[in-house]
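Trainee: Could you have a look at this structure, given as structure tokens, before my questions?
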Amino acid sequence: MEGDEGDDKHRGARGLQAVLRSAVQLPYNVAVGLADEIAIHTEGSTPGKHDGNADIDNGQLYHELPSQMRQSHQHDNDEPTDLASSHMTHTAASASSLKAAQHDYAAQDERTTLAVNDSQAAEQRPGGSPKKCITIQDVAGNIGKESERHESQPVAGQPAAQSGLDERLSETSSSSGIPDLLGSGAHSYHHYRISKDVVLRLEFIGPKDTKAALLFLWAVEIAGLVLTFEEFGLKITDAEGAFKNRSWTIANVVIGAICFALLSCTVFIYASRSVTAYRLGKRWSRRRRRFATLMLIELAAQWINVAFFILPNAVLLARPCDLFTKLVPACAVVRWTMWNTIFLVAVVQAHNTNPYWRSESTARDGSATFGTWRAAASSNKAIWAGGLQAQKRHHKGLRGHYEGAVIDAPWTLHLPKLIVWCLMEGLGLACAIYYGIGRGIPSRAKLFRARFTDCWPRDSGDMCAISPVEIALSVLLMACAYIYFALYFYYLFRALFKLKDLPRWDNKMVSLQVRLQLKIRTLVVSFYTMSIALLWFVKMQSCMSYVFTWYGMLPLQVVETGAALTWAFFAFPTHFDEKTPILQVWLQEFAWTEEEKHKKFLKRAADGEVGELLSNEPMFCFETAINMLYWSSLIYDYKEVRSDLKLEVAMKLNNLEQSELYWEKALDNKMLMAWNADTIVLVFRGTASTTNALADLQAMHTL
């Protein structure tokens, strides 16, 4: 009787797991079906027409949530289509199944937890190892977003839709019997067709290329620091030497020409790959398109910036006496406009990594105002855990949804930043106009020439002096730049603070963006802050200050060129003739148990070209990690103090048969080895005593 009861319990548990697995995978499969239909619809249209909603899954680096895919598609197609009605049918079935799954687990804790329990009463595997009991709690917490989003939709056609979904579930459900809550199951990327979509280098770049790009940028920043201190020293020691020393003009032209050549090649490659993607009908996802667009804007702005940096310096090199001409303020205005745009792009990029809440009042038309977003975001005080998270927020009558990152929001969200852009642009124009009225007039230029013999000044002190109005305009102009810098650091560190409370699985792209900005943009912005203060505001009445203000700052041009090239390198669309790359998202697949890992290896190897690419790649296993954690903890106390960790339990974790302890007490080195016919486990204790630390230092010295 007891055996029958145990079998009934196990059958019930397996049935419950099957129900949970089906409920959890239902929204995902709905998204897969919808994405495939969109892809077929797009491929049948005119070549070159881009579908902004490429079929991309949850686990993808630049994924779009199903809701975002629907919203973009509905926004691009004003009239309802058969595809839209089909989508309503699918989502209605999804809502019904998810609601049923949530009903039985409504009283569960809101946080998803994974508990691995070794129970003495658990069944024994062959070989005597305790069977792991993996418990998943609150599945509804992971799928609440989709159920909340679809509860209000009609349920017409539900039986037919459910039948189609069941067929798709039977093809894609994991055979391991464990719900795949986080998209780690059988092949969460099986519908991702790399031959049809634009892929950015950021998605498949390896560690060697990443280190090479960062080393290039750091070398450029070191060169910029050297140039900054050299020019600052020249400004301090020979403030009026602009008329005597032409070396700075030659350096500006030569180094500027090198930067211009590098930028021209990069712009050409960037543009050619984008045009090729359009010609071949490649599809851009929203996130890819927006990220690539921002980086292209920065690259083009710096290209124009360097061109108008070279122009006045080349003219001055050809005509040394023409230090004050109307060409100087004209080129300066263009450069300041480009700097203004580059600073704006940096702030937008930092803001794009922040979490985004959208009010339900704006959900129908897909737009959101800045005030609405602020009101909805201000009500977020909770900490999320689990898979897809989208909790309703209430603030002054507004109800909002967590929608991912700001990069998914409408561009109108960034409109308030244009206030700073317009303010800085107006101040730059005012400086140029005042320059033309004062120093640049013909009578002033004639007076300048009359006081020189072969362009060598007899008394040049008052020629470079500026009025209080010019000082005020210059200070306000650079104050706008510092406002940009403050906004950048605010948004970046705000993203760091907010993202730590959100599930990383749903925010992989923005987390990667934040890490890249910490390594790339943060140092660059800090460099701007220091260089502008040294080269702009110190000794503002000197001729060298005039040169740096109106002819351009070479260190800033060098560093921004390096930053633009680095960002472009990461944002490049892959070359379409290259061998299919291994995307980072493919390497993020993992298994809960070792049994599941083996099955996933077999499925991955059978996945055509992708399987061949991944045949030699490892896969993280949660059960293996827990086992190794047990061994790593055991080695510290084994044979030394009484501990609850037992060697017998550790041996059973991996079905090991024999063990041997190696403990050199004179040096306090300790290693435990255990093995069976096909497995060996080696466990080394870390530095745990002064004697062991001295032994480690001696070994390092010997090596």
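Placement of Cβ uses the backbone N, Cα and C atoms for every residue, glycine included.
Whatever TrEMBL says is automated annotation, not expert-curated.
Feature list, courtesy of TrEMBL:
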type     : residues : note
COMPBIAS : 84-97    : compositional bias 'Low complexity'
REGION   : 68-105   : region 'Disordered'
REGION   : 145-176  : region 'Disordered'
TRANSMEM : 212-229  : transmembrane segment
TRANSMEM : 249-271  : transmembrane segment
TRANSMEM : 291-315  : transmembrane segment
TRANSMEM : 327-348  : transmembrane segment
TRANSMEM : 418-437  : transmembrane segment
TRANSMEM : 471-497  : transmembrane segment
TRANSMEM : 518-538  : transmembrane segment
TRANSMEM : 550-572  : transmembrane segment
Trainee: Please identify the stretch among 212-229, 249-271, 518-538 with the greatest number of Cβ pairs below 8 Å relative to the transmembrane segment (550-572).
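Mentor: Out of the listed stretches, 212-229 contacts the transmembrane segment (550-572) most.
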Trainee: Can you tell me which parts of the same chain pack against the transmembrane segment (291-315), counting only residues 6+ beyond its ends and a CB-CB cutoff under 8 A?
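Mentor: Sequence-remote neighbours of the transmembrane segment (291-315) are 62, 200, 202, 249, 252-253, 256-257, 259-260, 263-264, 266-267, 270, 274, 284, 322, 325, 327-328, 331-332, 334-335, 338-339, 341-342, 345-346, 348-349, 352, 407, 513, 550-552, 557, 560-561, 564-565, 567-568, 570-571, 573.
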Trainee: Grab the same-chain neighbours of the transmembrane segment (327-348) for me: Cβ-Cβ under 8 Å, and only residues 6 or more beyond its ends, written as numbers and ranges.
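Mentor: Contacts with the transmembrane segment (327-348): 294, 297-298, 301-302, 304-305, 308-309, 311-312, 315, 414, 417-418, 420-421, 424-425, 428-429, 431-432, 435-436, 440, 477, 480-481, 484-485, 487-488, 491, 521, 525, 549-552, 560.
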